[in-house]
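Colleague: What follows is a structure written as structure tokens; I'll ask about it next.
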Amino acid sequence: MEADWDELSRIPVPAPSVHALPTIATAIAFDDVMELLWGRITSFFGPELQRYTSVRAHPATEPVRQIIFHDRGVISLSPKSVHMITRRGLTQWHIAHEEMTDLRCMSFTAQTNRIIVAGCQKSMFTIDIDKGIIIDKLHTEYNYTIMKKSRYLCAATDTGSVNALSLNDFSVVKSWKAHGTAVNDMDARNDLLVTCGFSVRHLGSPIVDPLANVYDLKTLSPLPPIPFHAGAAYVRMHPKLHTTSFVASQTGQLQVVDLMNPNAINLRQANVSFMLGIDLSPSGEALAINDAECAIHLWGSPAKVHFNEMSKEAEFGDVAPRPPTLDWSPETPLSMIGMPYYHERLFSAWPSHLVFEVGSPPPQVDQALIPYLRPAELGHHAPNPKKTRRYQVENTRALASAEPALIAPKFLSEKAREQNKAKSEGAISDAAEALAGAKINGETDDDPLLKYSNVEIKYSRFGVDDFDFRFYNQTTFSGLETHIANSFTNALLQLFKFIPYIRNVALHHAASSCIFETCLLCEMGYLFDMLEKASGQNCQATNLLKTFSSYREASNLGLFEENLTNKSLSAAIQAVNRFFLGQISHDFRMISPSSDDLDHRLATVASESIRCMFCQNEIVRPGNSLVNELNYPAIDIKQARRNPAFRFSNILRASIEREAQNRGWCNYCRRYQQVAIRKSVHRMPQVLMLNAALTNPICRRLWAIPGWLPEEVGIVIEGGQILCFEGEDLKLRVQAKMPGLVVYDLVGLVCEIDIPEHQKAHLVSFINVSISSREPETKNKWHLFNDFLVTEVDKEEALRFNQPWKIPCVLAYQVQDGRHAMDDTWKDALDTTLLFRDWSLNGGRPVESRVTLSEEEKPTPGTPVALDTEFVDLEKAEIDVKADGSQEIVRPSKSGLARVSVLRGSGIREGVPFIDDYITIKENIVDYVTQYSGIKPGDLDPRVSQHNLVPLKVAYKKLWLLLNLGCVFVGHGLASDFRKVNIQVPKSQTVDTQYLFFHPGKNRRLSLRYLAWAVFKEYIQEEPADDSQGHDSIEDARMALRLWKKFKEYEDAGIVSQILEEIFREGSKLGFRPPPRNGVPTVLSRPGTAVTMQNNSGRNTPSTSDVAGAAASAPATPRQAFRRSIALTPSNGSFAGPGTGDFFSGSPLK
């Protein structure tokens, strides 16, 4: 090893497939013909390790054990097969044999066209490389793990011995006990053999030997070993220097030593955490290291690194010629592009009389038959269910082209246009929609699976507000929208919401002082409050799912939607259930570390005893669990109906206690022993969450038994053991008032719906909404929640599992005493500290006009506040352009809240903002839309922003507090703002000037910019000279507040309709836009009246000096304005500044 040897390159090992996670390379080797390094049947070219070829030679479940090279190609070995490819990746042959069960190693024999393969099995095979066939099968008594060819064929066994085999008949010539436990690596060249391995020290676990053993193959005798204190794990002999070897440890220490002179050593340290193997190039100038972090390191001298002395030139793919440059602008006619030159008839001109339909798709196997399939000589067979007539053939081609049964309803805008049609046509349309609604509600038998179909939101040019959600939901319970990342959890969130104890804890926690940005329990409280306030309107869990997506632990567990390609939805939602419950328990303790209220409600308190079966030593540790997985016994389905061991209550008891025997570490024996694990239960929770863990098709037959899942179970704890009862047994014990008996009600369950025909698997929930009702109900009411499709179902339908497409996943039971326990005292215990103090991430100063609320200004029910928000684009809309040129919005643009401004709506400081927060955004921002939002790059970056930056959680909580304090929000276009903020505000707490100034006979909504000019003759939201300016949310909120005040004056005067007529008449002339500033504006007073506006500054909005002067001359107490109900006086064209009592002076009604 020269002095300049160092790491030349490091590359990650490519993943085994496109969507798989990276894994380690189990074998690496240098090619002796080309400048290639091979690993996982992938080759890398040259010192830069440029990827050359990659093939899948063996099944994904079989790791590559060894790679050797021949002039004709590359030979790889897996546990059950041998494969040969050319260096360009073409397969030459593949050999598998029934007695190839655990192949470990291979080597060339005395004949260069033959190899011998062996392993931990009783047979060895010799293979002809040229023909790709097995020549001979040899019986052996040894299990071989490594083979190296030199003077003899050196083979290491799994017991730590090394056998020297004859190259002619493979008989054992000499055997050495090289290591105590196993041989980890060895190499043989010329007359020397060097081995590395493991031994057991003092009855402990095997450790790496600190010596590398050396043997002379000429005399078949051992030589002095090589000392290596770091632990000799890997070894390679130098191809040129016959007595020089490379020895490496598992921690990355490299030692180059002369076997004849062990004192002459050269040390290096590789930057690896754990080494898995090394290989030396045939030239001796390059060393490859394979580590446990899925990387390959190349060491060598930068000046003269070559893999071989004389290498063949590697062949690379031809560079595809670049296509000619064409003018493909929208203005270019398609005829200018032209067609390629051809001299014969094109295949596309195939005559119609030669088109035939052949090869229809095979009929799909009935899913109900899968549990009954039995293997046969060719395929599988099952009893005929006799669902069709004899010789009846299924038209699979028609089924393949069939459309889904559930078709989206018409857009609301389309329905509004159709109202102008003839009454007869309208009646037909209404009847068709009523029939479709009847199908969804399950009142027809045409398609009973209709309500279980996938539901998707369709978008028109008016956005999501134009979608008819009421078509899917006629109940008072709100559904959750899709098209949000990780929205597959909607069904589980609905289940949590209808569990009273979880709902109460979440809302009380949300009302506390918690402002942790990633608190999942707070987000659940906000979501549950939103669902209750919505009363049947559609909602979305955007903020909660964004918080869920931010957890690195959830990403590592593969719980996100993008990780579900190779994972069933049922397994995923059960893992999410465990994560959610564990995370909300953690979040609860962040605010109340000394309280065990949540554990009392959710945790099964138990202790787990672990007893060694050898020494009988027993240890006890806590065994609390938030989720219990059902553990099914070995089932004889014929006795399932009669055997009480297969009842749900008995399976539940065995699942909670969960006795098992496994191998585990015994501290007394200091080794792994067979241990017995037993759980003793001390307290059951008030909410019993269960994962169905239904992976065995045989166990699914238990669920198919009618009434197998009980609505009620009773549990008694006696001496650390539990007793479970159901059905008549439970009724008898309830009547006898059994001591300690706790009865649980089934609140609901989450199910996976997997209908193969044109449907993708999705999740729904069945919930008994009567348990969470505020008024006691005599009858249980079950509802289906399929995202935003909500409908009532029968109890029998909810608890029926005899169809293979309905798979139970998560169950929730709650103590019967918790029925109707809806606690709303959190509204009286709101922690409003956040409203009365400044909070900033970056120490930025808010606008000077902002004044934080004082304690005397604490909002009360009915307090008006003006609101305006600004947003930035996080994702652009996804638009599908069809062949006819029409466009369909597949997914709308995604916005992020960037600024929130809230102003006082009454009092001496009326119009003064008390909230003006900029929100930091961690996602990628694709467009700041500065001309509309006023947000510029850097405004939301805590490192450079000069504004008051807060997390989304803080800004949202301020709005949520104002909502639950009873404030009335005044603004323009509030519905869009509330939707993007993801908050639900009742209509009784909303004043939207967009609807106040709405003419019933005019199908048009007026912009805030036009209303400001039409009512006050003021210009706002003007187009800036450059893109660095934009809307001001404080200005917009203040204008909406003034418009509301003015509208109330119009109402008192009884002239609303006349004012609206004049506003719309004037707007139709101007295109509903303010006229240019250089024109002569007129003041709206009453129909037919106009007054010229005078302003010395030349602007219709007052200058800064005018505002300051008006504010300075304002009296200490606001003037008491009076209203004239009949006579109107013109405006004087001026107004006082915000925060003064005369802020709305200049009204024609003052």
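Using the three backbone atoms N, Cα and C, a Cβ is placed for every residue, glycine included.
Since the structure is predicted, the reported quantities are computational estimates derived from the model, not experimental observations.
Copying in the features that Swiss-Prot gives for the protein in this structure:
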type: BINDING; residues: D868, E870, D977, D1036; note: divalent metal cation binding site
type: COMPBIAS; residues: 1108-1120; note: compositional bias 'Low complexity'
type: DOMAIN; residues: 447-816; note: domain 'USP'
type: DOMAIN; residues: 865-1043; note: domain 'Exonuclease'
type: REGION; residues: 310-446; note: region 'Linker'
type: REPEAT; residues: 96-139; note: repeat 'WD 1'
type: REPEAT; residues: 270-309; note: repeat 'WD 2'
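Could you give the neighbours, burial and distances for every feature on this list?
Modeller: A helical conformation is recorded for D977 (divalent metal cation binding site) in the three-state DSSP classification. Cβ neighbour count for D977 (divalent metal cation binding site) (all protein chains, 10 Å cutoff from its Cβ): 23.
The predicted model assigns the domain 'Exonuclease' (865-1043) a mean pLDDT of 87.
Outside the repeat 'WD 2' (270-309), and at least 6 residues removed from its termini, the chain residues within Cβ reach (under 8 Å) are 2, 4-13, 22-25, 27-37, 39, 44, 47, 49, 185, 233-234, 236-241, 246, 248-254.
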Colleague: Please give the sequence-distant neighbours of the repeat 'WD 1' (96-139): residues at least 6 beyond its ends with Cβ less than 8 Å from one of its Cβ atoms.
Modeller: 65-66, 68, 70, 72, 75, 77-82, 84, 145-149, 153, 155, 158, 167-168, 170
Colleague: State the count of C-beta atoms found within 10 angstroms of the C-beta of D1036 (divalent metal cation binding site), not counting that atom itself.
Modeller: 25
Colleague: Treating G and I as helix alongside H, and B as strand alongside E, what does DSSP give for the repeat 'WD 1' (96-139) in helix, strand and coil?
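Modeller: Going by DSSP assignments, the repeat 'WD 1' (96-139) contains 0 helix, 26 strand, 18 coil.
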Colleague: Relative to the mean position of the Cβ atoms of D868, E870, D977, D1036, the recorded divalent metal cation site, which additional same-chain residues have Cβ within 8 Å?
Modeller: L867, T869, R899, S901, G971, H972, H1031, S1033, A1037
Colleague: When the repeat 'WD 2' (270-309) is classified with DSSP, how many of its residues are helical, how many are strand and how many are coil?
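Modeller: Helix/strand/coil tally for the repeat 'WD 2' (270-309): 0 helix, 18 strand, 22 coil.
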Colleague: Mind giving me a neighbour count for E870 (divalent metal cation binding site)? Other Cβ atoms within 10 Å of its Cβ, every protein chain shown.
Modeller: 26
Colleague: Secondary structure at E870 (divalent metal cation binding site) (DSSP, helix/strand/coil)?
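Modeller: In three-state terms, E870 (divalent metal cation binding site) counts as strand.
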Colleague: Taking the Cβ of D868 (divalent metal cation binding site) as centre, how many other Cβ atoms lie within 10 Å?
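Modeller: There are 28 of them.
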